[in-house]
Ligand SMILES: O=C(CO)[C@H](O)[C@H](O)COP(=O)(O)O
Ligand SMILES: [Fe+2]
């Protein structure tokens, strides 16, 4: 189970300090949201900021591109220090080609789906992926309410991946807190992005710990029930 704090809700006037704070909580992965004002109605940061953070952090950088024409920019983000690049299936006409491009640059590759986008979009690329990111809010802003309807989608994807790509991990993004972490963990998510619940908390390190514990508790319960043969 991995908690990836999203810096979208950090204080951009002291971004390095906020990243160090969560890094010192013992996390492995940092989620970096890139928005272009076209694919989503908001603008965030570009490769220069990713490059600056790379100099001060050893975390795995999970770069979530909410941009049109991602093929134009993936190389810049990998050069800036992205370890994994996630593009939106809705944002390109050439999904297979962009996936190959990201792999050729040596980064892990993920594809994100908006809440209304069916899993079938990924049928012919699933074997190529390290991560599928299921959005649990409509992308564009931090601090939104979790969309419950995505839960059966997580369950369905989890079943499909067991058959076709067991190493591919399910990431969820949007509205994750202690309560929703339990729900997505039970459904099969393994990477939980959390922005507002971490950085808007008075104690971000404690918030990370609480979310992680809630998610792990749910995982343990699931395993125990399976062991005892109790139907979920
Ligand atoms: O991709 C995103 C928004 O498009 C963010 O990663 C996401 O919203 C995280 O923020 P929060 O946990 O506050 O919902
Ligand atoms: Fe994100």
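Every residue, even glycine, has its Cβ placed from backbone N, Cα and C.
Feature annotations, courtesy of TrEMBL:
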- 33: active site, proton acceptor (ACT_SITE)
- 173: active site, proton donor (ACT_SITE)
- 6, 64, 140, 141, 142, 143, 173, 174, 175: substrate binding site (BINDING)
- 31, 33, 64, 173: divalent metal cation binding site (BINDING)
Would you list, in sequence order, the residues of this chain other than 6, 64, 140, 141, 142, 143, 173, 174, 175 that have their CB within 8 A of the centroid of the site's CB atoms, where the site is the one recorded for substrate?
8, 33, 137, 139, 144, 193, 195, 196
I need the CA-to-CA distance for residue 33 (active site, proton acceptor) versus residue 64 (divalent metal cation binding site), whole Å please.
5
Between residue 175 (substrate binding site) and residue 64 (divalent metal cation binding site), what is the CA-CA distance rounded to a whole number of Å?
16
Residues near the divalent metal cation site, 31, 33, 64, 173 excluded, by Cβ within 8 Å of the Cβ center?
4, 6, 8, 32, 62, 63, 86, 133, 193, 195
Can you tell me whether DSSP puts residue 140 (substrate binding site) in helix, strand or coil?
coil
Given the recorded positions 33, 64, 173, 175, return the subset with CB under 6 A from an atom of ligand 2, ordered by sequence, or none if empty.
33, 64, 173
